[in-house]
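Marked as coiled coil by TrEMBL: 32-73. According to TrEMBL, the domain 'Radical SAM core' annotation covers 120-225. According to TrEMBL, the feature domain '4Fe4S-binding SPASM' maps to 309-379.
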Amino acid sequence: MKINDDITKIINDLVWWIPFKNKRNNLRNLLTNNIAKELSKFKEELNKANENNKLLEEELNKANENNVLLKEELCKTKENNLNIIKKAINSTIQLTTQYNDSEIMKNIFKENVKLVEIGISSFCNRKCWFCPNSIVDRFSRNIELDEYLFIKILKELQEIDYSNSLYLHRYNEPLYNKDLLLKRIKQAREYLPKSIIKVVSNGDYLTKEYLKELEEYGVNELYISYYYNGNNKYIEFDLENVIKPGMLKLINKLAIEYSEYIKNDNEYYMFMKYKNLNIEYKSLNMEKMGNDRGGVIEDVNIEERTSQCFLPNMQVSIDYDGTYSMCCNIRSDLEAHKDYIIGNIRDNTIFELFTNDKIINIRKKLLVYGKKEKVCANCADYRPPGMVYFNLNIK
């Protein structure tokens, strides 16, 4: 690095007194070179410092930008939370207020109902100890829901362009009568093309060909349960020696790949996919995971219920005889549940039943914290708002 004239003058002033020109020049050159090197190093450090300052300034600018974005996100989150609270308040008011306007009823239904379950027939081929079918005869004969009632429900749902879950199951084995089930699926898909059609089964009648037909007719999701101790409650939940070997029999029969996604001491879930059909296959320790089904099942994990319940706000349950029940745990064929039958689809629209005085009074009791009464006293169904049943979308 070249040094300036001022530094050169200082160096000359320092060495002028040396009498020998050769030594004087050597010292002058030495001082000049050393000072030039130090100045060069200083300049490099200064440049680095300037670069670091620029980087720091860029980081500060980014931090400021991020702070602005974070502030915007916080404002959005706050606004969203306020909207959620407002929506919850409005929803609660709607669901606990009597209306006579049919359009308002439809709107309340559309905004709140996430699941409609319909018992298309009564028959079940099993009498599992943890199910009310163990104390009510669903085995001796099969009663089908009148077709005109089924179509009536579909037409009413069509009026609001219903697009949420539609379960063709209610304490029965829907796969028992293939012709009936496929016909009802076809009708449901025709009237409600956007709905998510779901079928719940014990898997006893399922074959590879049947699975193919369910997918072709438009079923979106199939839920299968493996009841390892349905006939003998004393068989323990042994995952490796009982549960897996038993479940693999159906898997091998269907020749389909599976993945595990829940696995613990009381529950085991598999996920499978056949073309566009998502399949959940599960087995539960019903002593620990079971529900008393409105107070009629013993030997399950029973605890006093004090928390809120949102099922009547989001779920519609219609039995094979057209009766509309308070929730999925209530049945029309149990004497203990008679006070919780809301009405019959024969006599009213589905929207009128969802907004009538009886269910409104039930909601008012269930939406507050505190000890619950009668059929709700020990209910273990704790699904939160909006999650009546999740949709299968497992990668």
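Cβ from N, Cα, C; glycine included.
Model, not experiment: these values are computed from the prediction.
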Q.
Per DSSP, what is the helix/strand/coil residue tally across the domain '4Fe4S-binding SPASM' (309-379)?
A. 28 helix, 11 strand, 32 coil
Q) Which whole-number mean pLDDT does the model give the coiled coil (32-73)? A) 82
**Q.** For the domain 'Radical SAM core' (120-225), the number of residues DSSP places in helix, strand and coil
**A.** 43 helix, 16 strand, 47 coil
